[in-house]
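Trainee: Among the features that Swiss-Prot reports, divalent metal cation binding site is placed at Asp9, Asp10, Ser40, Asn97.
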Amino acid sequence: MKKILLTNDDGYHAKGIKALEQALEKMAEIYVVAPKHEKSACSQCITITAPLRAEKIKGKEGRHYKIDDGTPSDCVYLAINELFKHVCFDLVISGINLGSNMGEDTIYSGTVAGAIEGTIQGVPSIAISQILSHRNKNTPLSFDLAQKIIQDLVQNIFTNGYPLKGRKLLNVNVPNCSLQEYKGECITPKGYRLYKKEVHKRTDPKNESYFWLGLHPLEWQKRENEDRLSDFDAIASNHVSITPLNLDLTSYDDLKNLESWHKGMLK
């Protein structure tokens with residue numbers, strides 16, 4: 001039977017990872033290693049200056065752990081190299097995140113980092129996020145569409161193989177709409193996220209300052225000379241966005257220009 005490792009950055013008890021396990025439990029043998037507490041926006045942080053403690057969850061056949069103060073990267077690293085080192089995983093899936101991971105979000109994202117760590121460890125990996133924008137807070141959060149999408153993707157991978165070669169992963173964002181409103185899937189490049197320089201300064205009872213960094217609305221800028229819809233455009237039109245991400249951050253287009261610039265500096 002196929003074996004899938006799940007992680008997230010919202011924490012072991014988050015609704016998203018429970019929905020993810022529920023969606024896949026009949027398709028594969030599921031293992032879960034997730035942070036004990038929320039680790040949103042921790043990026044690729046890995047713990048090397050403190051010990052990590054793994055708590056085995058009772059009643060889960062030894063396949064569930066939560067990592068005290070662990071990050072998503074810690075969880076995947078520890079799962080593959082120690083906790084389940086006897087298991088050959090077919091997939092690592094990180095999510096379902098509560099909120100988008102598009103554009104530059106992918107640099108900050110702990111959810112994407114979990115999938116990146118799986119890729120680094122040589123396992124095909126997917127990050128999946130559920131958009132929350134414009135959701136009526138009086139309406140219960142539904143993962144129905146996200147569950148359908150991940151089931152379809154995983155089945156396609158099991159049938160036809162993982163579509164990417166080398167150190168690459170899939171980043172999936174699911175619009176906040178019903179199955180009836182859903183328009184289909186788009187293969188997209190990342191868009192350009194527009195961040196506001198928002199900092200909220202407060203004063204505590206001891207008259208000392210503290211700060212909250214602002215949460216930003218989903219605003220983006222069109223990519224130049226790009227005919228494809230970006231991930232933001234797809235979501236805005238009730239499409240699922242599927243974006244291939246590459247771990248290699250080298251700007252190859254700039255190598256020759258940089259060589260010329262550097263030669264000039266040495267004269």
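One is the number of the first residue shown, and numbering goes on along the chain from there.
Including glycine, each Cβ sits where the backbone N, Cα and C put it.
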Trainee: Give me the count of other Cβ atoms within 10 A of the Cβ belonging to Asp10 (divalent metal cation binding site).
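Mentor: A 10 Å sphere around the Cβ of Asp10 (divalent metal cation binding site) contains 23 other Cβ atoms.
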Trainee: Hey, of the binding-site residues listed (Ser40, Asn97), which one tops the CB count within 10 A?
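Mentor: Of Ser40, Asn97, the one with the most crowded Cβ is Asn97.
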Trainee: Please list, in sequence order, the residues in the chain of Asp9 (divalent metal cation binding site) that are at least six apart in sequence and whose C-beta is under 8 Å away from its C-beta.
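Mentor: Spatial neighbours, sequence-distant, of Asp9 (divalent metal cation binding site): Pro35, Glu38, Lys39, Ser40, Ala41, Cys42, Thr71, Pro72, Ser94, Asn97, Ser109, Gly110, Thr111, Ala113, Gly114.
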Trainee: Within 8 Å of the centroid of the Cβ atoms of Asp9, Asp10, Ser40, Asn97, which other residues of that chain place their own Cβ, given that this set defines the recorded divalent metal cation site?
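Mentor: Along the chain, the qualifying residues are Asn8, Gly11, Ala14, Gly16, Glu38, Lys39, Ala41, Pro72, Leu98, Gly99, Ser109, Gly110, Thr111.
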